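Copied over from TrEMBL:
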- A:H400: active site, GMP-histidine intermediate (ACT_SITE)
- A:D95, A:H202: Mn(2+) 1 binding site (BINDING)
- A:201-205, A:325-326, A:374-377, A:S381, A:400-403, A:K476: GMP binding site (BINDING)
- A:H233, A:H325: Mn(2+) 2 binding site (BINDING)
Amino acid sequence: MLEGMKKIDEVEWEVPVGYVPGMRVPARFFLSEDLEESLEEGAVHQLANVATLPGIVRHALAMPDIHSGYGFPIGGVAAFREETGIISPGGVGYDINCGVRLLATPLRVEDLTQMRALVEELFRTVPTGVGAESRMRLSARGLEEMLVEGVPWAVREGYGIEADAVHCEENGQMQGADAVPVSKRARKRGMPQAGTLGAGNHFLEVQAVDKVFDPGVAAVYGLEEGQVCCMIHCGSRGLGHQVCTDHLRVLESATRRYGIEIPDRQLACAPVHSPEGEAYFGAMAAAANYAWVNRQVITHEVRKVFSRLFGIEYEEMPLVYDVAHNVAKREVHDTDGRRETLYVHRKGATRAFGPGRVEVPQDYRAVGQPVIIPGSMGSFSYVLHGTGTAMERTFGSTCHGAGRVMSRTAAKKSMPGKEVREALLGRGIYVRATSDASIAEEAPAAYKESDKVVDTVTRAGLSMPVVRLRPLGVIKG
Amino acid sequence: MSFIEVPHPADVKVRVRADDCNTLFAEAARAMFSVMYVTAEDRGVERTLAVSSDDLTSLMVDFLSELLYISEVDRVVFSTFEVEIDGTDLKARAFGEPFDPARHLGGMEIKGVSYSGLGIVRDGEQFCSEILFDV
């Protein structure tokens, strides 16, 4: 373990005040002994920087998939008071509401006799990779409505079924979304991209439920061993990137004007209820709605493909749940014996609300929200459920994925994409991408093992395993 | 080569060197496009742009962000750049070719240009900058 870290619990560590100048509270992170080697000093430094921001409550936090980012580390979580706190794009990132959803199907693994044909059909249907454009014909007014209304708008327009919206965080519609501070530039980028997968680590995967850890909760989520599912991982595309770029520019000068001292310019911020803070929050929430619709439109295309190939109805392919990985939200939490409205930033972290919370859909409320953890390409993904412990310790948050351990360039050098593709095929996983290079940069060896990350959050009690999913076919940009 | 990639676990970081500030900015843009596209040539497409910022670091972020925007909405891949900086005002010409999936796929999508650790420093006779891109 790095020098200066204080052990709090079996898998919980504290970065004491003073680790970097100006820390208002200690920082804490969760890490098991077998992940210690992967911890970067730079990431801990970034986490400590978060603890210097005004109005931060209790601790700056990081999940076991922590690694260096910009502004907040990836895996970072921080909550700020409404009255004295700030809002910062550095705690959200460029890909606003990058997230993941899981779609169930009535199919069993043995029904998928033509995996290659299915994956090729999905690849032809879902626009994928840099420069890919949507087949959706969106008017300026349509975009405006989408930004404010999110998934319910998409369902109304025919891109989903009624039950979809309630199985998204925030019902697929962030409160406070405002299209006005979404610039013309952001809209211009967003117009042709709704319903596109993008590139990088974004993917669409056909999976099978491989192992059930908690049959009771799995039944509540509608999942059982051997069942075929579909996972969709993508974000807000150019619209979200532009919202971040535009508002970062404004907040950069606002930070100085409000007399806020920050150790990293990427942590540019403004008081929650300042004009600049409110404009960013409104635009960010609108971009979050765009991302939900993006995943919703892709869901619609996936359902069309499955319906065509297997003769099943859309209603037989329910959305299990959709979680956001990069977002700031207005939430009510118990802090030191009182209920308080906080602005919770999660950057590469997942909300993990426990049983009883009103934000969890009625049909899941008794067991807590589903937490969807995508593995890296070729490795296991997981569904967990939120817990009361997460509510007490991490503002209802947990990890978001495996976390990289190798740069994309190093990954490309270590094994050519063709070899990665063939090795995965040897394990029964058919991968279809726009290029072999993009397969190489996402090679399984470039990531922490997702089971170790999941093991850490389980031991910490932040979320508990429900099922494990094995990849069968992957499409990526 | 006036730029190299510095190892970074999650994103892409480049270190750029040049004899003067104008060339530093032009090379930073070239580095960014070499991350995004496997190939880029000057095939007759030209755009001009002007950016003003509060300081030189912001000017770098704003200049590269502007190029990302133009590249995406105009579907253009840039390869070479002429930059002229006066204080914190910048004028540039960018040269390239239309985006063609058959030629250009295989690079990385850059989501944003980060301020993290970004500075423009004198290193002996040269200007140097390290830029972190969110990919």
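Positions of Cβ are set from backbone N, Cα and C atoms, glycine also.
Remember, it's a predicted structure, so these values are computed and weren't measured experimentally.
On the structure: features taken from TrEMBL.
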residue: A:D95; record: Mn(2+) 1 binding site; contacts (Cβ under 8 Å, 6+ apart): A:G235, A:S236, A:G240, A:H241, A:N326
residue: A:N201; record: GMP binding site; contacts (Cβ under 8 Å, 6+ apart): A:H233, A:S376, A:E442
residue: A:H202; record: Mn(2+) 1 binding site; contacts (Cβ under 8 Å, 6+ apart): A:C98, A:H233, A:C234, A:G235, A:K476, A:G477
residue: A:L204; record: GMP binding site; contacts (Cβ under 8 Å, 6+ apart): A:L122, A:V126, A:T128, A:L197, A:C230, A:M231, A:I232, A:H233, A:I298, A:V302, A:V474, A:I475, A:K476
residue: A:H325; record: Mn(2+) 2 binding site; contacts (Cβ under 8 Å, 6+ apart): A:N97, A:C98, A:G99, A:V100, A:R346, A:K347, A:G348, A:A349, A:T350, A:H400, A:G401
residue: A:G403; record: GMP binding site; contacts (Cβ under 8 Å, 6+ apart): A:S38, A:P64, A:D65, A:I66, A:H67, A:I74, A:G75, A:G348, A:Y447, A:K448, A:V453
| field | Chain B contacts among the binding-site residues A:D95, A:H325, A:N326 (Cβ under 8 Å) | value | A:D95
| request: Around the Cβ of A:S376 (GMP binding site), how many other Cβ atoms lie within 10 Å? Please give the count over every shown protein chain. | output: 23
| task | Tell me, if you would, which residue among A:H233, A:H400 (recorded positions) has the fewest other CB atoms within 10 Å in the structure shown? | result | A:H233
| query | 10 Å Cβ neighbour count around A:N326 (GMP binding site)? | reply | 29
